[in-house]
Amino acid sequence: MKFYNYSAGPSALFPEVVEQIKHELGNWQNTHSSVFEISHRGPEFMKFAKEMENTFRELLQVPDDYAVLFLQGGGRGAFDAVPLNLPLKHKRALYLTSGHWSRQPALEAQKYLEVKTAELVDKNFQQTKIDWTEESKDCDYVHFTSNETVEGIENFNPPKVAPGVLVVADMSSDILSRPINVNDYDVIYAGAQKNIGCSGVTVYVVRKSLLGHASKICPAILNWETYHNSDSLFNTPATFSWYTCGLTFKYLKDTFKDLANLEQVNIKKASKLYAYLDSEDFYQNKVPQNLRSRMNISFNTPNEELDAKFVQEAKEAGLYYLKGHKVIGGLRASTYNAIPEEAVDQLISFMKVFADKYK
Ligand code: PMP
């Protein structure tokens, strides 16, 4: 039996990456030590770190006038880092909400500035609009979450904002799953533990002209300029997590060449699962076509009891971690980059058997 891990995060790494980690454990690059047992300032690690940044830049096509930074603190750390680092003239920001993870940064930002919120996706899972010029006029920035990990809603396009207003995106759960135009954003951030590597690293892509405006209460470990000036080695980084990120970036480049190719694989996987969900009344998915996430596919059986049975029986069939997030319940299959098409096929086969058994 084959085992697949559909965890929403931390989530599966590519098996080839895990094999390489196993192989190199204990003697990384002839250091006779594991990668997490040596100095982050030694020549081997510094070289690895530079290559990691360069490969990430290449994959996401990051222009030279953007800094790529690796911090700690996760996505939640970024909820503070954004208002603490950005220049604030109006001391006001617009947070567009579309689910659980876009509401959290709006709550946190209230510590630092006036927060306006507006629904990007309403309670009936309909996108309200993409042009926020009027509402953002008196704001310093507009924040949105490109992929709602809990509900399975993907906001593929950045919002249109008033001139001079910055666009900030939390891409924690869909970064590197498709090409984007970095120039459409001023700040992008993402926790590593879904599409990138192990938890412990948060990647920031920041327009360089925005560095140097941090509030004086901004802690040094969240200060983007400090990290930019130290090649992200201001304090001791989570070296093992960096290592997993570097290996994943290299694997993505060597295997898929670019994100356009990888996107095709992700479209194929998600389309298969949605097509099956649409064809079987036993399962429900409420997200409309244009907002369906390719990374987190949330669905329900007819009732909670069957949802629980589904999780249990799926596990017996080798399909792990399909329980939905506690805030909405139900079921969720996370189909990040490292999940192969065969895993989706095996899930659909199981879903067919389960539906026939209980409907
Ligand atoms: N943003 C999104 C979209 C997320 O899915 C998560 C975590 N699942 C977070 C932020 C918070 O990340 P962290 O746990 O790294 O703070």
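Just so it is clear, glycine is given a Cβ too, placed from its N, Cα and C backbone atoms.
Taken straight from TrEMBL:
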BINDING   Arg41  L-glutamate binding site
BINDING   Gly75, Arg76, Trp101, Thr149, Asp170, Gln193, Asn235, Thr236  pyridoxal 5'-phosphate binding site
DOMAIN    4-347  domain 'Aminotransferase class V'
MOD_RES   Lys194  N6-(pyridoxal phosphate)lysine
Close-lying binding-site residues around ligand 1 among Gly75, Arg76, Asp170, Asn235, where CB distance stays under 6 Å: Gly75, Arg76, Asp170
Other C-beta atoms that fall within 10 angstroms of the C-beta of Gln193 (pyridoxal 5'-phosphate binding site): 26
Set of same-chain residues at least 6 away whose C-beta sits under 8 angstroms from Arg76 (pyridoxal 5'-phosphate binding site): Gln104, Glu108
Distance in Å spanning the most remote Cα pair of Gly75, Arg76, Trp101, Thr149, Asp170, Gln193, Asn235, Thr236, given for pyridoxal 5'-phosphate: 30
Densest Cβ neighbourhood among Arg41, Lys194 (recorded positions), 10 Å radius: Lys194
Densest Cβ neighbourhood among Thr149, Asn235, Thr236 (binding-site residues), 10 Å radius: Thr149
Rounded inter-Cα distance in Å - Trp101 (pyridoxal 5'-phosphate binding site), Lys194 (N6-(pyridoxal phosphate)lysine): 14
Alpha-carbon distance [Lys194 (N6-(pyridoxal phosphate)lysine); Asp170 (pyridoxal 5'-phosphate binding site)] in Å: 13
Cα separation, Thr236 (pyridoxal 5'-phosphate binding site) to the residue listed as 'L-glutamate binding site' (Å, whole number): 9
Trp101 (pyridoxal 5'-phosphate binding site): tally of other CB atoms within 10 A of its CB: 23
Between Asn235 (pyridoxal 5'-phosphate binding site) and Lys194 (N6-(pyridoxal phosphate)lysine): CA-CA distance (Å): 24
The domain 'Aminotransferase class V' (4-347) [mean pLDDT, rounded to integer]: 97
Packing count at Asp170 (pyridoxal 5'-phosphate binding site) (other Cβ atoms within 10 Å of its Cβ): 27
DSSP three-state assignment for Asp170 (pyridoxal 5'-phosphate binding site): strand
Assigned conformation of Arg76 (pyridoxal 5'-phosphate binding site) - DSSP reduced to three states: helix
